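J.: Structure incoming, see below.
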Amino acid sequence: MTSELFTHYSRKEWERFNQMKGNLKPIVGLEELVSLNDRLSQQDVKEVYVPLVHYIDVMLKNKDEYEVERDKFFDIIGEKSSFENNTFMIGVSGSVAVGKSTSARVLQRLLQKYYPEKRIELVTTDGFLYPNEELERRGIMKRKGFPESYDMPRLLEFMSKVKIGVEDVEYPTYSHEIYDIVPGEVQVMKKPDILIVEGINAFQLPENQQTYMNEFFDFSIYIDADPLHIKTWFMDRFKMHMESAKDDPTNYFYEITKWPSEKVEDYGNEIWYTINLTNLVQHIQPTRGRADVILYKGKNHSIDNVYVRKY
């Protein structure tokens, strides 16, 4: 990838921005943060994610300084500023199966170590998909994951409330086992200092909306890779999901696991080409230029290149 908007750093160059060097202790339970069929090592954390956290720290300090000066400005008339100190929001986007969730979880863990006094939370946009019943009613079940399959007004309302510091904000729960929103089950976001929002649609511009997702983000990260590699990772993960679903009648894919192996693989390929790749090319990859940082992964899942937005 080349672009005049970004400065490119090789992994070796990026590693030099690690200011902690030998002071960083290994992340305990790192394997628990890694998504199915993804890979991550302590070396990856040290060489890629720690420098990234330092860069985020620069942005966070800039935000804090701005809020102090803003309050001073409005205090001139002798009244306390009515402005709240807004939640610092980080967006993480990229293709299905590229490793967004792993990156988001590792980032959350590192930020919590770096800022032990702050509340660091993580949410995925999966919870804002319309329930399957609604997708069927609209005739877009096969478009699940595309922009029109998300309840964008609800997602934007959630983002707005969290951003301005509303104490308890409810949001839906999504289950990958039942491949659907869990009926009647909500989670509560309790006024985080930093919120990481992860999802394929994190940087997209919703139709007929006056507010865009990117307006909420103080920092944004795009996880990138060659689509041929992503396809391999998706198919490997798809087969793992089929293996785990075959003994679970409650799993959405249980009946599919009874098909002949060739038919199952054809189904996986169909999902990739008609849904995931199409969505990537038409809606996800075009948002890449809105990121502050692009982490580019090689064939073995290793982040080999980092691109930093110039302005």
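For all residues, glycine too, the Cβ spot is worked out from N, Cα and C.
Note: TrEMBL annotation is automatic and uncurated.
Pulled these features from TrEMBL for this protein:
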DOMAIN    89-226  domain 'Phosphoribulokinase/uridine kinase'
BINDING   G94, S95, V96, A97, V98, G99, K100, S101  ATP binding site
J.: Around the ATP site formed by G94, S95, V96, A97, V98, G99, K100, S101, list the extra residues of the same chain whose Cβ is within 8 Å of the site's Cβ centroid.
T.: I200, I223, I230
J.: Under a three-state reduction of DSSP output, how is K100 (ATP binding site) classified: helix, strand, or coil?
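T.: Assignment for K100 (ATP binding site) reads helix.
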J.: Out of V96, A97, V98, which of the binding-site residues is least crowded by other Cβ atoms within 10 Å?
T.: V96
J.: Pick from G94, G99: which of these binding-site residues has the biggest number of other Cβ atoms within 10 Å of its Cβ?
T.: G94
J.: For the domain 'Phosphoribulokinase/uridine kinase' (89-226), jot down how many residues DSSP puts in helix, in strand and in coil.
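T.: Helix, strand, coil within the domain 'Phosphoribulokinase/uridine kinase' (89-226): 48 helix, 46 strand, 44 coil.
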J.: Under 8 Å Cβ to Cβ from S95 (ATP binding site), same chain, six or more residues apart: give me those in sequence order, or none if nothing qualifies.
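T.: Those within reach of S95 (ATP binding site), by Cβ under 8 Å and sequence separation of 6 or more, are I200, I223, A225, P227, I230, N276, L280, I284, Q285.
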J.: Just how many other Cβ atoms lie inside 10 Å of the Cβ on K100 (ATP binding site)?
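T.: Its Cβ shell of radius 10 Å holds 24 other Cβ atoms.
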J.: Report the same-chain neighbours of S101 (ATP binding site): residues 6+ apart in sequence with Cβ closer than 8 Å to its Cβ, ordered by sequence.
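T.: Correct list: S35, D38, T124, E198.
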J.: Find the average pLDDT over the domain 'Phosphoribulokinase/uridine kinase' (89-226) in the predicted model and report it.
T.: 94
